[in-house]
Amino acid sequence: MGPFKSSVFILILHLLEGALSDSLIQLNNNGYEGIVIAIDPNVPEDETLIQQIKDMVTQASPYLFEATGKRFYFKNVAILIPETWKTKADYVRPKLETYKNADVLVAESTPSGGDEPYTEHIGKCGDQGERIHLTPHFLAGKQLKEYGPQGRAFVHEWAHLRWGVFDEYNNDEKFYLSNGRIQAVRCSVGITGKIEVNKCQGGSCYTKRCTFNKATGLYEKGCEFIPHSQQTEKASIMFAQHVDSVVEFCTEQNHNKEAPNMQNTKCNLRSTWEVIRDSEDFKKTTPTTTQPPNPTFSLLQIGQRIVCLVLDKSGSMATGNRLNRLNQAGQLFLLQIIELRSWVGMVTFDSAAHVQSELIQINSGSDRDTLTKRLPTAASGGTSICSGLRLAFTVIKKKYPTDGSEIVLLTDGEDNTISGCFNEVKQSGAIIHTVALGPSAARELEELSKMTGGLQTYASDQVQNNGLIDAFGALSSGNGVVSERSIQLESKGSTLQNSQWMNGTVIVDSTVGKDTLFLVTWTTQPPQILLWDPSGQKQDGFVVDKNTKMAFLQIPGIAKVGTWKYSLQASSQTLTLTVTSRASSATLPPITVTSKMNKDTGKFPSPMIVYANIRQGASPILRASVTALIESENGKTVTLELLDNGAGADAAKDDGVYSRYFTTYDTNGRYSVKVRALGGVNAVRRRAIPQQSGVMYIPGWIENDEIQWNPPRPEIEDDVQRKQVCFSRTSSGGSFVASGVPNAPIPDLFPPCQITDLKAEIHGHSLINLTWTAPGDDYDHGTAHKYIIRISTSILDLRDKFNESLQVNTTALIPKEANSEEVFLFKPENITFENGTDLFIAIQAVDKVDLKSEISNIARVSLFIPPQTPPETPSPDETSAPCPNISINSTIPGIHILKIMWKWIGELQLSIG
């Protein structure tokens with residue numbers, strides 16, 4: 001198979017597989033249903049906010065409808081209201097809607113982040129985003145001058161979220177050279193406006209025409225392009241949706257392919273409409289001739305958490321210590337994970353189902369102890385999963401409707417009748433979290449999680465990997481305030497021989513420490529357990545349960561901040577250590593790690609991507625050491641270092657999202673994912689997320705031919721807080737299912753990953769310096785075999801006819817290991833490279849079996865040689881009005897006459913006579 005066919009094959013596989021998304025959105029007869037807009041629990045109660053959300057969506061719907069050629073509109077929206085707000089008659093309990101699967105989050109503005117609407121987008125072009133972020137101030141219309149009408153801004157963000165398009169402006173590079181002329185970064189180029197700069201000194205500001213930087217040929221820093229208020233151009237929404245005439249997305253006919261913006265960089269110069277047209281939404285709809293109705297809204301208020309454990313006690317649970325491991329994990333969940341004031345019930349099943357506990361509200365430690373005593377202790381019989389689910393629904397209905405309740409379903413066995421209760425599950429409104437234990441658990445299990453928005457996890461029989469405890473530890477509430485959720489600090493295991501020691505440390509940072517629990521498990525005999533706090537004081541008092549083979553220590557109050565040390569000693573058995581805690585304060589956001597795969601199914605040879613999002617509130621944590629442990633059904637564990645370098649699988653550098661490709665499949669079936677994150681000497685906190693996908697801040701507008709300026713956009717410059725952040729966390733990334741994996745030896749079908757951060761600079765007037773992050777032999781792993789670099793004076797020829805473009809001599813360029821920085825200096829040959837020339841450059845990496853990567857992002861250099869004589873004044877629309885010659889004669893005692901002549905904008909001639 002040739003490299004081009006291989007790339008197409010991988011692309012097709014990617015399109016066939018559904019991306020992993022928590023969203024409940026469905027497209028039905030051109031209308032989007034199931035949109036969830038959640039109001040953050042920390043937002044003060046304000047009923048007008050609900051009406052403002054309704055107004056925004058209602059205004060956005062017809063704008064979206066017209067912008068997409070009468071194809072899409074907003075049909076119904078659920079607004080999720082915090083539990084702490086007063087209850088009202090028209091507020092109902094949610095079903096599957098949670099904060100976890102919310103498409104839009106309304107949260108208070110941050111001191112550094114401001115009120116800028118933005119969308120989390122960790123994937124590639126065309127991949128759906130994570131969620132839209134809005135603030136109450138924005139919704140209240142207090143940012144109209146800065147971001148434009150709320151409805152239009154929402155459509156801009158919706159395009160990021162739903163179709164994976166990017167912005168067509170550039171806050172860092174607002175102008176570029178094209179054929180020797182300065183152009184504003186915009187789409188389309190038909191948008192006209194003024195180019196001026198607003199200078200402020202002391203308490204006063206004034207507007208002046210922009211001056212040129214004679215070294216670059218571009219405008220000075222601070223220069224802004226302000227669109228005229230009266231326009232005829234209709235595109236583009238991803239550039240300036242606030243302009244009245246803009247009602248469309250850029251198409252291939254009017255798209256500005258040369259503009260250095262994220263849409264061109266990420267989407268291979270394609271217009272936003274081309275990306276939208278390739279979406280599944282577009283493919284399964286046709287334009288409608290009827291005007292859509294206004295959106296409808298449902299008001300949902302979060303209530304108390306209701307959970308029923310549905311636990312397998314069939315005969316197979318007696319093998320491999322599974323039933324005892326279930327007891328250990330179940331005790332952790334009941335003693336530590338489940339939050340106060342929650343309701344918990346318990347059902348077990350074999351060939352039939354049995355109630356172990358009706359719903360009990362967790363108000364004290366004794367309530368927790370009561371439930372732990374109901375965990376199953378004997379295993380026998382067959383496996384009837386539907387019996388367990390039906391009985392769980394009955395248990396819940398005795399006190400509450402099943403809407404919004406949660407079921408934790410654990411099983412290790414096969415059950416070919418499980419699909420018989422799928423309809424009952426769908427109609428219940430309950431969320432089902434599944435835990436598949438061992439290699440024989442029912443293959444239909446994941447369907448229950450998918451159809452209800454629950455978490456799917458897998459635990460192998462490899463006890464030292466602590467998978468079952470990790471699965472139950474991941475079941476903290478998806479709703480409520482983050483300060484009440486359990487946070488896992490450590491999860492570790494080891495098989496010890498001959499009185500060996502398992503030594504280690506756990507960091508308790510200042511953001512956690514409440515309800516801290518150390519849990520130790522073993523497989524045969526109680527080990528020696530030694531634990532010291534950061535001051536060196538030995539901690540005694542572990543509660544030992546020899547029957548369940550576990551011991552735990554609850555630290556009273558707030559655990560001391562610092563490094564806790566432990567030593568565990570045993571012979572011929574496997575030990576595990578788990579440490580959990582909660583936020584130390586309701587007002588100090590804890591550091592959290594959220595991990596996931598990009599898909600819940602993987603088909604060889606399509607790669608998977610593992611993500612870990614590390615935050616303290618809205619602030620990303622940078623430079624942490626992050627590793628993913630991915631375990632297959634064979635028991636083989638692969639360790640991946642996750643990176644936040646903006647290369648390979650990672651979409652953006654220094655945004656707190658760490659990513660890596662996974663390609664080392666070894667078998668078909670389930671894989672579990674666990675992420676470990678450590679913050680030490682290098683880890684730091686960033687005040688805000690660098691904007692990737694958001695509405696453009698409007699620098700000003702034109703009124704009566706004069707620019708009215710907004711305050712300068714709040715800059716996030718040098719915002720990394722230098723104080724190091726020390727912490728330790730572990731996080732379950734759930735599980736995924738692989739198929740199509742051939743028997744060993746597994747063939748090499750993985751090419752190098754695409755280079756996405758190619759940059760080019762001119763050195764002198766003839767040399768070009770390239771920098772990029774090295775790809776690997778298999779995506780972002782290993783070392784590529786060679787690079788192919790090609791250049792062209794036509795950006796489209798380079799994209800569409802790469803193999804026909806002029807090749808650069810790279811004989812001396814030896815690829816480095818993946819994720820290293822590459823630097824290459826060359827002189828363009830056999831091509832005209834003179835003043836005013838625009839040169840475009842792209843790279844392709846090749847591996848040892850001649851598989852080729854996708855062509856890189858296209859870098860651009862424009863050769864500008866400063867003129868010896870003043871250039872002509874550019875046109876007013878594209879730059880500014882001509883500046884008249886000014887001559888000032890001044891005679892001052894003791895000083896010669898000073899003459900100033902402005903020869904051309906940007907050149908100041910001084911002569912002293």
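Including glycine, each Cβ sits where the backbone N, Cα and C put it.
Positions annotated as signal peptide by Swiss-Prot, on the basis of sequence analysis: 1-21.
Looking at the region 'Metalloprotease domain' (46-199) alone, the prediction's average pLDDT is 95. Here Swiss-Prot flags 46-199 as region 'Metalloprotease domain', drawing on similarity to another entry.
Look at Swiss-Prot and you will find HIS156, HIS160, ASP167 tagged as Zn(2+) binding site, backed by similarity to another entry. Note: ASP167 (Zn(2+) binding site) has non-local neighbours MET238, PHE239, ASN261, MET262, GLN263, SER693, GLY694, MET696, i.e. same-chain residues 6+ apart with C-beta under 8 A of its own C-beta.
According to its DSSP assignment, GLU157 (active site) is helical. Marked as active site by Swiss-Prot on the basis of similarity to another entry: GLU157.
Summarising the annotation, Swiss-Prot assigns domain 'VWFA' to 306-475 and lists sequence analysis as the type of evidence.
The feature N-linked glycosylation site is assigned by Swiss-Prot to ASN503 (among others), with sequence analysis given as support. With a 10 A radius on its CB, ASN503 (N-linked glycosylation site) counts 12 other CB atoms from all the protein chains.
Positions annotated as N-linked glycosylation site by Swiss-Prot: ASN769 (among others). With a 10 A radius on its CB, ASN769 (N-linked glycosylation site) counts 14 other CB atoms from all the protein chains.
The N-linked glycosylation site annotation in Swiss-Prot covers ASN803 (among others). Mapped onto three states, the DSSP output places ASN803 (N-linked glycosylation site) in helix.
Reduced to three states, the DSSP call for ASN809 (N-linked glycosylation site) is coil. Here Swiss-Prot flags ASN809 (among others) as N-linked glycosylation site.
The DSSP secondary structure for ASN830 (N-linked glycosylation site) is coil. Swiss-Prot lists ASN830 (among others) with the feature N-linked glycosylation site, giving sequence analysis as the kind of evidence.
Per Swiss-Prot, N-linked glycosylation site is recorded for ASN835 (among others), and the stated evidence type is sequence analysis. Classification of ASN835 (N-linked glycosylation site) by DSSP places it in coil, neither helical nor stranded.
If you look up Swiss-Prot, you'll see 866-885 marked as region 'Disordered'.
Summarising the annotation, Swiss-Prot assigns N-linked glycosylation site to ASN885 (among others) and lists sequence analysis as the type of evidence.
Residues annotated as N-linked glycosylation site in Swiss-Prot, with sequence analysis given as evidence: ASN889 (among others).
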Count the other Cβ atoms sitting within 10 Å of the Cβ of GLU157 (active site), across every protein chain shown.
23
Nearest to HIS156 (Zn(2+) binding site) in three-dimensional space, by Cα, is which of the glycosylation sites ASN503, ASN803, ASN809, ASN830, ASN835?
ASN803
Helix, strand or coil: which one is ASN769 (N-linked glycosylation site) in, per DSSP?
strand
If H, G and I count as helix, E and B as strand, and all else as coil, what does DSSP give for ASP167 (Zn(2+) binding site)?
coil
Of HIS156, HIS160 (the binding-site residues), the residue whose Cβ has the fewest other Cβ atoms within 10 Å
HIS160
One finds that other Cβ atoms within 10 Å of the Cβ of ASN809 (N-linked glycosylation site) number exactly 10
Could you measure between HIS160 (Zn(2+) binding site) and ASN803 (N-linked glycosylation site) for me? Cα positions, answer in whole angstrom.
32
Nearest by CA distance to ASN769 (N-linked glycosylation site): which of the recorded positions is it, out of GLU157, ASN803, ASN835?
ASN835
Residue among glycosylation sites ASN830, ASN835 with least C-beta crowding, 10 angstrom cut-off:
ASN830
